[in-house]
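One structure is given here, and the rest of the page talks about it.
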Amino acid sequence: MPEPPRDIMAEACEATRPSEDEDEEREPLLPRVAWAQPRRGAPGSAVRLQADQGAAVLREPATEEPPVVSEDRSISASLSTELDRTRNAVSETNTFLEDPEFADVVLKAEQAIEIGVFPERISQGSSGSYFVKDSKRTIIGVFKPKSEEPYGQLNPKWTKYVHKVCCPCCFGRGCLLPNQGYLSEAGAYLVDTKLQLGIVPKTKVVWLVSETFNYSAIDRAKSRGKKYALEKVPKVGRKFHRIGLPPKIGSFQLFVKDYKEAEYWLRRFEAEPLPENIRKQFQSQFERLVILDYIIRNTDRGNDNWLVKYDEMKYAKKIESEESNWIDDKQLLIRIAAIDNGLAFPFKHPDEWRAYPFHWAWLPQAKVPFSEETRNLILPFISDMNFVQDLCEDLYELFKTDKGFDRAAFESQMSVMRGQILNLTQALRDGKSPMQLAQMPCVIVECSKSGGQGRVVHLGSSFTQTVHCRKPFFSSW
């Protein structure tokens, strides 16, 4: 029998001591006493219950065979048990008690990974993002790990590596905090929910582990070594805190079906103009996209990363049944999905090389003033500074979960967002268009140190408004 490698044995002897240089990607481990116990009613218990039942058969006396378990079967059962414990620890962090539907989707993703249906890397984009599937191989979500973001160390796309090596002076976006894209994705959904826009697919922060994710060679070697030690020397292998690859934290966004890139539909609409009612619906959805992007100051909004769903067949059937060119305004036949929100929430306005403009500002829809429907929906929210403060506090609760969270940097992010909200409020009151909104001077609204500590906030006494005059080298306006 081959001997285990010396480095694996050395790691096993020190497994009881906590590591001082754990990768920030790794899941915060639970105490062994806590995660060694079977969970009750937690996501993933159904699948792991079946695995436990399969292992229990080995311990029960059979009618045709003696109740003696072979060494190989004992090792296999031990390995399966340790892997289940690791999976339980991962699933413990993916509990969404306030949203059972989302928890069920994440559970399906975990179950699929356990049976070998792994997430599939998306070829498009500049980061490592993955289509997550259920056990039937149906796409149910998009997972974007923190470590594989455009400027992350484990980004599998070579384009950003070439960018970093060949043009380091222009590498990255100087106005954004590095490796915070997964929080930006979840934060965009939070803003969308608070403002009742309804254009961002549900997005939350989750932990997932899969062989198809991009791991370092060291992590993969450790995983193989621990499995080898557990298989050959079970007593030693059981001392490891985790068996298998380390979980990755990232944003999980529900997959939207029957949507196409906006670029496709915009060309179609130029050649085949929409009916008046459908045009109004599209304009309303477009204005919501503008409001979202402007508030979070999205630095990466092109016509290829927002989606449109237009149910032409349903509209045709409606026309045939009513023999009219008029349909119910309340029935939305065209919708917009705002995806790819990972490069938002800057801590300052872009003022270095590029301006990162909103590409929707050059569309014909951007020249139309904001509708009364949009003004009535948004103004009651953003004109109330108590609502704005609540929004900042909700974002704080989300962003502070990151290990590299910095309170001062977060306050700078909120100062930019408050300035954007202030401009948007003025534009809606003045009846401006999205294009005119994008041309307004950049404003920063900083929280005054002498402001009150209560929940009721007054703009004049608690905040200081500053106009940001510095423009980037390549300016859009």
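Just so you know, glycine gets a Cβ as well, placed from its N, Cα and C.
Take the ATP site that Swiss-Prot assigns to Lys144, Gln253, Leu254, Phe255, Val256, Arg267, Arg268, Asp340: the candidate from Ser129, Ser284 listed for it is Ser129. In Swiss-Prot, the annotation region 'Activation loop' applies to 338-358, one of the ranges 191-211, 338-358, 380-400. Within the chain carrying the region 'Catalytic loop' (297-305), a Cβ under 8 angstroms from the stretch's Cβ atoms is held by residues 173, 175-176, 188, 261-263, 266, 339-346, 349-350, 356, 358-360, 363, 416-417, 420, all 6 or more beyond its ends. Residue counts of the region 'Important for interaction with membranes' (353-362) by helix, strand and coil are 4 helix, 1 strand, 5 coil (DSSP-based). If you draw a 10 Å sphere around the CB of Asp340 (ATP binding site), it holds 24 other CB atoms from the protein chains shown. Using a 10 Å Cβ-Cβ cutoff, Ser129 (ATP binding site) registers 26 neighbours. Under the three-state DSSP scheme, Gln253 (ATP binding site) falls in the strand class. Within the model, the domain 'PI3K/PI4K catalytic' (116-447) shows a mean pLDDT value of 89, rounded to a whole number.
Residue counts for the region 'Important for interaction with membranes' (260-268) under DSSP, split into helix (H, G, I), strand (E, B) and coil, are 7 helix, 2 strand, 0 coil.
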